[in-house]
Amino acid sequence: MKSTATFLTILAAATALSASVNAAELRMSWWGGGSRHEATQAALKICGEKYGHTINPEFTGWKGYLEKLTTQLAGGTEADIMQVNWPWLPLFSFKGDGFADLNSFKDTIDLSQWTDAQLDAATMNGKLNGLPLATTGRVFMFNKTVFDKAGLDLPKDWSELIADAAVIQEKLGEDSYPLEVTEDNPVLIIMLIATQRTGKDMIDPATNRMAWSLEELTDAVKFYGNLVDKNVTRSWKSWASEGNIKLYESPKWSDGKIAGSYEWDSTYFKYADPLEGKGELVPVSMLKVDGAVTEGVYRKPSMVFSISKRSENQKAAAEILNCLLTEKEGIEALGATRGLPASKIAAQTLMDAGVVRPELVSANKIVMAGTGPTVSPFNEHPRIRESFKDAIEMYAYGEFSAEEAADEIIYNVNDILEKYDQ
Amino acid sequence: MGGENRYLGLAYLSPYIVGLLVFTAFPFAYSFYLSFTDYSLMSSPEWVGLDNYTKLFTRDRTFDKSLKVTLIYVFSTVPLKLVFALFIAVILNYKLKAINFFRTAYYVPSILGGSIAIAVLWRYVFADTGLVNMVLGAVGIEGINWFGDPTNALFTITLLRCWQFGSAMVIFLAALQGVDKSLYEAAAVDDANQWQVFRHITLPLITPVIFFNLIMQSVQAFQEFNGPYIITNGGPLKSTYLLPLYIYDKAFRNFEMGYASAIAWILFTMIMVLTVVAFWSSKKWVYYAGDKRS
């Protein structure tokens, strides 16, 4: 009896010692709102307890997160686990060496829960730099109530939408428009049109240069100009008259004066909530131009979880990531606070539990079903986006012709990309 | 001071000295070095000599535009604000009923003025369906596109700055109250009218304070950020894109720290030169009591 007790004591001590040897203290950083913060902290507590690690949360709002992350990465003080926006991957890790290569942890992380395409999108120079959290894309959403009032069905292609604009203006007033093409949308719509007509993404993956010719881009710019001329959307100048505000904050949106937009599927409720009781927001299939060779869906991982290449506890961090994204307790605690999960088991678990609202699933299905070339993360490079937008603004204000705007865009995009030549 | 006391004094001063060196002097000097480098934060700074400055003055249209907008903003805002602050201070210098209430009421905007909340409020007041256009509409005037028209947008931002005249006004008020009353009595004996009294007694005697306010307001105007960032985000067509916004975008959106540092140093040099010019010119128009020239 005495020997059994001694044996059990030694065993217990050894187990405790083993747990404390494996226990790691980690840091994790992310951006988001209140619900995401709460859910993530709860999930970290559960996963931390499961694996015997302590994870210190570091969370902020979206604004300033990129600046903070960049400063931390530059100073080598980044958290062990980081939430990284997908278009930032080439900024931090163009050669794939900015973050830990998660392929090294395939024994710890169940990578089979992601499709090859999803993993490819998060792979830089052959190294898996992050685990995609959700796949998102731009989708057209229309206020069906406004279209009903005008006696119209929701549009199925661009020519129908252009024809609808005249009817909406006639029946609902000259300050009514079926679509909002302002802020970032002139850029995204021009990209969409050029992609639909050419079948190519803006950046040629083979050369890492602008894929569209001057003529192709000029035609797409003109298409945007035509949308303004035909009152499909209000002009840039008219939009700017409201000051620097978001569409979903504008009374023109909530009052139905603007009856549609082209937004991330995951932001559906941001636009639907202001219409509550006044309108029904319906996501529709991609609108196509005549002669389109593809739907040109703009689909990409919304964000990834990455592990610091400097972390001394990479394996522990990998265990936590696996728990958050592929294990039941982590998935349930994290919920849908980062959109419909990219991880198959996470998506299924949340849908079975009824956590993901059907409207979000419906918008996401359109994105997932759409056809189009793989989108380069350079499309959202801050300088590329800014120079594209500046040129289109000049066009919108009559300072540039369509051809001059296209020429300016091509020159600037190539100039920026040139800096990334290996 | 004895040896031990000297060390004790230095010990008391050390938090400030360390703070000054670490958080002001070092970044100041380092940013000068960075302005000659290509530095994206993710790699070590790479020395490029005068490339950043050459690019700024020869190939950067955005810088040209931003510089022009900044100068227009400073040279329109500062005189307007000073004249308005002095005008209100003169009124509030009279012995009126409830004068303390009015003094407080006029000062309040400058407490709130620099805040994000007021910038947001300004955005709503001047929006196409905002209060100003509603009032214009009520008197039969067609609404104005304040933010969407490049010619109006800067004016709207300028108005916000002028509206924050309280701190300059309070300083003017203190100066006005410090003017020797016997000079006014002498002027009354000589039958001077109110304008003559203001022009020949009040104004010369408060020139040191006008000079102080001119310098302070100019420096602040050159550094304006919140208003245009929140209200127009620098648009439309960069018509409200002041240099601090450009520095912010280059540094924290594009991560071109070297280039942003070069712009910051140009801004610093401009402020410096204008301040030196102001000090030089002050010999000709600022009157100090006891000055031997007087």
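Even glycines carry a Cβ here, placed using N, Cα and C.
Just so you know, TrEMBL annotations never went through curation; they're auto-generated.
Note that the coordinates shown come from a computational prediction; the quantities given were computed from them, not determined experimentally.
Taken verbatim from TrEMBL:
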DOMAIN    B:67-278  domain 'ABC transmembrane type-1'
TRANSMEM  B:12-33  transmembrane segment
TRANSMEM  B:71-94  transmembrane segment
TRANSMEM  B:106-126  transmembrane segment
TRANSMEM  B:153-176  transmembrane segment
TRANSMEM  B:197-216  transmembrane segment
TRANSMEM  B:259-280  transmembrane segment
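In this chain, the transmembrane segment (B:12-33) lies out of contact with the transmembrane segment (B:197-216); the count of Cβ pairs under 8 Å, excluding pairs fewer than 6 apart in sequence, is fewer than 3.
Tertiary proximity for the transmembrane segment (B:106-126) is limited to same-chain residues at least six positions away from its ends with a CB under 8 Å from its CB atoms, namely 88, 92, 132-133, 146-147, 156, 160, 163-170, 226-227, 229-231. Residues 69, 72-73, 76-77, 80-82, 84-86, 88-90, 92-93, 103, 106-111, 113-114, 118-119, 122, 126, 146-147, 202, 205-206, 208-210, 212-213, 216-217, 221, 224, 227-228, 231-232, 235-236, 239-240 of the same chain lie 6+ residues outside the transmembrane segment (B:153-176) yet bring a C-beta within less than 8 angstroms of a C-beta in it. Within the same chain, residues 102-103, 106, 154, 157-158, 161-162, 164-166, 168-170, 172-173, 176-177, 198, 202, 210, 213-214, 217-218, 221-222, 224, 242 sit at least 6 positions outside the transmembrane segment (B:71-94) and bring their C-beta atoms closer than 8 Å to a C-beta of that stretch.
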